[in-house]
Amino acid sequence: MKITNLGTSTQASFYVATALYKQMLHKKESKLGLATGGTMLDMYESLVTLLDKNQLDVSQVETFNLDEYIGLTAEHPASYHQYMNHILFDQYEGFDPLKCHLPNGAAEDPECEAARYESLLDERGPVDIQILGIGQNGHIGFNEPGTPFDSVTHCVDLTESTIEANSRYFDDKADVPKQAISMGLRSIMKAKRIILLAFGEQKKEAITQLATGNITPDVPATILHLHPNVEVYVDDAAMPDLS
Ligand code: PGA
């Protein structure tokens, strides 16, 4: 696994947006594994610019998001459905809503919904590129420390640190959902190519853990060492001191 410092988050975001753009350019029916979170905002903005300038046909592209909060409807402003609409699907015309998948956080039976989502991934996958952020505690998706490496899409109890980190998207910390449906670590590892992005001082410790090469469920992202095709892009602030 190569960790590459691309200097600024703007440069890294543009680089990764270009990778997604090229993937869709070369394969009309590309399958993309998408992530949400603050880290991804510039990347999607750059992607929309590239799509716009080149008027790429994305009608055959199929997308699969990593996760969704349990208890939020797709219309809730803090749901990941709304995040994706706002940042990508409403920004560039042509994505087919029927091909843009996220777990349904408002499903009556979340366990059943998790199983449905995993079956969908199995039927329609594997994804060509999976984009990932990383939590300060090393989580990927909502796979918190201790998540088994063989986990598939499942319901997750969010850790206090994740609830705290995500409270910035809610009016009140008490409104942050305590659970989510997340692709599991095994689901993520099925992707053909994985690109992880991490920016800022607050991600440096997690990237340092990743850089040690140790593989442990205590730092879920370290499972990526077992995947043959992973790229990690960081900015100056998130780059570990390797000396
Ligand atoms: P962030 O979240 O991009 O908002 O920091 C990343 C993550 O928790 O995976």
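Cβ atoms here come from the backbone N, Cα and C positions, even for glycine.
The domain 'Glucosamine/galactosamine-6-phosphate isomerase' annotation in TrEMBL covers 12-225.
Non-local neighbourhood of D67 (active site, proton acceptor): T36, Y80, L102, P103, G141, F142, V156, A180, I181, S182, M183, each in the same chain, at least six residues away, with C-beta under 8 Å from its C-beta. TrEMBL lists D67 (among others) with the feature active site, proton acceptor.
Other Cβ atoms within 10 Å of the Cβ of N137 (active site, for ring-opening step), summed over all protein chains shown, number 19. Residues or ranges marked as active site, for ring-opening step by TrEMBL: N137 (among others).
Residues or ranges marked as active site, proton acceptor by TrEMBL: H139 (among others). Using a 10 Å radius centred on the Cβ of H139 (active site, proton acceptor) and all shown protein chains, the other Cβ atoms total 25.
Here TrEMBL flags E144 (among others) as active site, for ring-opening step. DSSP assigns E144 (active site, for ring-opening step) to coil, not to a helix or a strand. Counting every protein chain shown, the number of other Cβ atoms lying within 10 Å of the Cβ of E144 (active site, for ring-opening step) is 21.
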Averaged pLDDT score, the domain 'Glucosamine/galactosamine-6-phosphate isomerase' (12-225): 96
Integer Å distance between the CA atoms belonging to E144 (active site, for ring-opening step) and N137 (active site, for ring-opening step): 8
